[in-house]
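Input: a single structure, listed below in structure tokens.
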């Protein structure tokens, strides 16, 4: 789909397009409205529930839970940037969109995805300090540090998303007005562009490789050190808690990066794969984290799960009371290991 060899030139450059997601389904596309609407409602409700739980309970006002809330808020933004437009495309065969609207959607898609990556790095740093330097956790992980990490995440996300949008806006779109995709992704737009797109393709690939390689290197180094340090903890309960918390983060990391890797490989190298299969992979890549993250953190993070249970069912079991008492008794040796 890269059109690297396409050197067609034209004085015409379309500024209005039609998004046609899953073109192979034809009249069956309208049947996707209900399941997709349910998925969107699930993403909104579960992510909002966890965010509300963290915001309204003072005991959860800790760096790790704040970072989880930010990650889930980004999940909501990412889904909102994609799903309403996708639903319109299923209701109507061709969903009209202007070039400006397409570029705006592309910016929000990549900006939120990059924020996801950056927050995962921040969470890895938080766990590294909590497990490797538990007695200094409160001194090292401060609101000031969280603010610096947030600013760095914004700058890094903008530094990748903005060049992609600017470069795409300068392309000439003269091949067709039909984008065979449910969203304005970078490769989908390049597939209808004219002229020499070698630089565009190489830039997109380079940014993806640099970002993923850098992130995975840091994440791999951090969690290797974290797991090693966790096995050195003398207390069995503290060791189990540390490994359990890291397991939740690693599940989220694998979900995001593996789905992105599969999508990139199919888009760039598997030319025989149908457009519908490519669209399915894109949908998984864009929406799966928003659906799974609140479940992973809500179920596997004990403190969040307990508060959610009390919020939903209005009861506090004896087990919860015992666990809270136990946590208070062991707060010093297990300081810095929430979740």
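Backbone N, Cα and C define each Cβ position, glycine as well.
The transmembrane segment annotation in TrEMBL covers 31-52, 64-94, 106-125, 145-166, 205-228, 249-270, 282-300. Look at TrEMBL and you will find 46-297 tagged as domain 'G-protein coupled receptors family 1 profile'.
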Original post:
With pairs 6 or more apart in sequence, are the transmembrane segment (106-125) and the transmembrane segment (249-270) linked by at least 3 Cβ pairs under 8 Å?
Top reply: yes
**OP:** Quickly jot the same-chain residues contacting the transmembrane segment (205-228) by Cβ under 8 Å, restricted to those at least six beyond its ends, or write none.
**Re:** 114, 117, 120-121, 124-125, 127-128, 131-132, 160, 163-164, 242-243, 246, 249-250, 253, 257, 260-261, 264, 268
